Amino acid sequence: MTNIRKTHPLIKIVNHSFIDLPTPSNISAWWNFGSLLGFCLIIQIITGLFLAMHYTSDTVTAFSSVTHICRDVNYGWLIRYMHANGASMFFICLFLHVGRGLYYGSYIYFETWNIGVILLFAVMATAFMGYVLPWGQMSFWGATVITNLLSAIPYIGTTLVEWIWGGFSVDKATLTRFFAFHFVLPFIIAALAMIHLLFLHETGSNNPSGLISDSDKIPFHPYFSIKDLLGVLILLLIFMNLVLFTPDLLGDPDNYTPANPLNTPPHIKPEWYFLFAYAILRSIPNKLGGVLALVFSILILMLFPILHLSKQRSMMFRPLSQCFFWILVADLFTLTWIGGQPVEHPFIIIGQTASILYFTIILVILPFISLLENKLLKW
């Protein structure tokens, strides 16, 4: 009798994706982040579902409903902090996952890569709308500032902003629709993640060397399922340490003050994972220019397959490219730091320099270095 695992229409799909999947034998721990992202998404959906049972999306009661969750609901404080810090863990895994893709040339599978960039946008949109829901000071003013950026779009901008707000300012209508979208988007993200995997399994995984690995593949289970499990345990250890010991480490104290449209916080800033893009936005004195730079700072990822001019796929054997890759990483850390600082000297000029460097490395330096390396290897 043939194995049900290989014949059953549903189990067969799971088998081809997670059990009998031929996997390159040399993939390192950098390949763990896909499964960790799936794990983060599951945590976010489960904790979010339980939070939605007690949350009310009304401007009058939203803040107090979050307080009620933390004080009166059984383990409500745990669910709330797991959800808030789960977003941070999600973005840490996302940035490492994208960084791995850039370093090892995974963007050559451009369907998988482009779906991944769309996923990144969807996760960023979800996180932004989720940040508005507790209806604290930073929630309200963050929503006001970020949605207002759309007014920079010529001709339709102002109408578009008022349409998104559902009125002439961020109010009850805005909060209700943000809650609705925040609830539905994670399920769309889950569907997109399945498409992401579908495209990946069409080509098979990349590996650190960037070479074709068809002659050296091993089954995903038990080798990489155990490896992924270890990754999940390490993530859980870091995550629960964060949740149980320093739950407010990555949050903003201003969000413990109820939203007040008459009182602007001294420094309006988004969550830490958006600070790099926020710094790029602020470094351009023109509103429309800033918005375009903000969008392009993420959209630029879609250009990587076109900008890849090296004869080698991975950066593993390209020390010059490696050097500039790590300068790019350092530049992103600098932008993240600048995004959290007030708009004053010397932070303005540092932010502008870091923003120029970010686009220059990606659009000019890395392609040029790739050609130089080809030349050095007489290719």
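Note that Cβ sites are derived from N, Cα and C of the backbone, with glycine treated the same way.
For reference, Swiss-Prot has these:
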type     : residues      : note
BINDING  : His83, His182 : heme b b562 binding site
BINDING  : His97, His196 : heme b b566 binding site
BINDING  : His201        : ubiquinone binding site
TRANSMEM : 33-53         : transmembrane segment
TRANSMEM : 77-98         : transmembrane segment
TRANSMEM : 113-133       : transmembrane segment
TRANSMEM : 178-198       : transmembrane segment
TRANSMEM : 226-246       : transmembrane segment
TRANSMEM : 288-308       : transmembrane segment
TRANSMEM : 320-340       : transmembrane segment
TRANSMEM : 347-367       : transmembrane segment
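Location within the structure of each feature annotated in Swiss-Prot.
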residue	record	Cβ contacts under 8 Å, 6 or more apart
His83	heme b b562 binding site	Gln44, Thr47, Gly48, Leu51
His97	heme b b566 binding site	Phe33, Gly34, Leu37
His182	heme b b562 binding site	Gly48, Thr126, Met129, Gly130, Leu133
His196	heme b b566 binding site	Thr112, Ile115, Gly116, Leu119
His201	ubiquinone binding site	His16, Ser17, Leu21
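Residues 69, 79-80, 82-83, 86-87, 89-90, 93-94, 96-97, 100, 182-183, 186-187, 189-190, 193, 228, 231-232, 235 of the same chain lie 6+ residues outside the transmembrane segment (33-53) yet bring a C-beta within less than 8 angstroms of a C-beta in it. Recorded stretches compared: 77-98, 178-198, 320-340, 347-367; the one with the most Cβ pairs under 8 Å to the transmembrane segment (288-308) is 347-367. Long-range neighbours of the transmembrane segment (178-198) within the same chain, counting only residues 6 or more positions beyond its ends whose Cβ lies under 8 Å from a Cβ of the stretch, are 17, 37-38, 41, 44-45, 48, 52, 55, 57, 112, 115-116, 118-119, 122-123, 125-126, 129-130, 132-133, 143. Remote same-chain partners of the transmembrane segment (77-98), defined as residues 6 or more beyond its termini with a Cβ less than 8 Å from a stretch Cβ, comprise 30, 33-34, 36-37, 40-41, 43-44, 47-48, 50-51, 66, 69-71, 116, 120, 123, 127, 130, 235, 238-239, 242-243, 247, 250-251, 271-273, 301.
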